[in-house]
Amino acid sequence: MAKSSPVFTCQTCGAVHRKWAGRCDACGAWNSIVEETPLSSGPKALGSKGRTIALSDLATEEAAPPRTSSGIDELDRVLGGGLVPASAILVGGDPGIGKSTLLLQAAASFANGGVKCLYISGEEAAAQVRMRAQRLGLGQAPVALGAETNLRDILTTLDAERPALAIIDSIQTMWLDNVESAPGSVAQVRASAHELVTFAKRRGVAIVIVGHVTKEGQIAGPRVVEHMVDTVLYFEGERGHQFRILRAVKNRFGPADEIGVFEMTGGGLAQVANPSALFLSDRDQPAPGSAVFAGIEGTRPVLTEIQALVSPSPLGTPRRTVVGLDSGRLSTILAVLEARCGIPFAGLDVFLNVAGGMRVSEPAADLAVAAALVSAREDVAIPPDMVLFGEISLSGALRPVAQTESRLKEASKLGFSQAIAPTRSKVGQDEGMRVRQMPDLAAFVGEMFGAG
Ligand code: TYD
Ligand code: MG
């Protein structure tokens, strides 16, 4: 086949030029044109014959992928029941949140379970990683450790060693010598991740890629890699809190939205098997502005405390500060309280917080948020043995939410004895919970606070 002539493509707008120029005619960008080798496929290049690919029907029986347990239950759950061989997993998170610690512990745990495991650090020297491992009491685990950033050398090593699991920490430090840009640039991160994912599939090595979340700027974030990998996990948490949540955002081999809860301690990350108890443990006396939300995270019910503070504002535009919830959701709930229940928040600063550094994204939290807000404003405490859940519509009606029963069961298990739920929720006969069903927010506010 004749070699196709080179093309020059503007990296900013994608315009294709016949020859190189300093400035792109199409978009006016300077120094954005680079030579690219055209793909030797496409209809024209296809003059010669390809091969026919094997097709199958959807009904073909497929065995579930075999899984290897990490020995860390919270991690296994997020992976969808264990590590799938030859899969590519991205673990993203803010710098310093504990990704390296988590993966070092996971590597040690896998290795102790007989899984051949390689940990490649591009950020820390081998001695540093070793010191950390010893401090965490993992010094004896048979993990093979490497400190390297040259991806070609790493892949050669992986090919020779053929581990079952390789951890690459982090993708932003890796570089390929055939890509002409600095490590951490979009081009390097994308090309390196592509090489790693291809290698994982071809050689049957599960690869975990660590990616730092970056606030804009020179370094490409893990989003660049998300579409290439099978599983995307984010490690989240508030810096000031000890809780860390590992959340599956995408999983080709299991449910997304599943969470694993950990606690950062002096001796590394510890699993938290019962997160509800932990997120609620700081509650002492019933206080105005606090409401307990019975939520669902992935497949697991989790109770969280929503806290609100409302105070007269010295500012022309009162403050609306939210931690752990969507601020748009707060505005909507404030508007519904004002319009449908006659409870105005004008001239008042509003602070809303989910206790323990948890993030809540379920609309089912609406009712607990509204309850915390009104409780704070009216200075009336909600009974400490009460949980709430329900979505609030713009009309002020309460909409039923999924999995009512598991929410109630979890609440009952933790010693709660009453619940407020939307009418039409599927409440079973059970558990010594007194469940009151409310049609709308105004009815709830009227009954609970005598307001509105
Ligand atoms: P690290 O895993 O290095 O974060 P990342 O790889 O996401 O950048 O975690 C660093 C933080 O974790 C550091 O600020 C100290 C804290 N930490 C502990 O509190 N206890 C420990 O046992 C370890 C190893 C770290
Ligand atoms: Mg790190």
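Residue numbers in this text run from 1 along the chain shown.
Backbone N, Cα and C define each Cβ position, glycine as well.
The range from 40-44, 250-254, 295-299 that TrEMBL describes as motif 'RadA KNRFG motif' is residues 250-254. Of all Cβ atoms in the shown protein chains, 20 besides its own fall within 10 Å of the Cβ of Ile97 (ATP binding site). Less than 6 Å separates the Cβ from ligand 1 in the case of Ile97, Gly98, Lys99, drawn from the binding-site residues Asp94, Ile97, Gly98, Lys99 in sequence order. Non-local neighbourhood of Pro95 (ATP binding site): His212, Val213, each in the same chain, at least six residues away, with C-beta under 8 Å from its C-beta. Mean pLDDT for the motif 'RadA KNRFG motif' (250-254) in this predicted model: 90. Taking Gly93, Asp94, Ser100 as the candidate binding-site residues, the subset whose CB lies under 6 angstroms from any atom of ligand 2 consists of Ser100. According to DSSP, the region 'Lon-protease-like' (349-452) comprises 38 helix, 25 strand, 41 coil. Break the domain 'RecA family profile 1' (64-213) down by DSSP state and the numbers are 63 helix, 31 strand, 56 coil.
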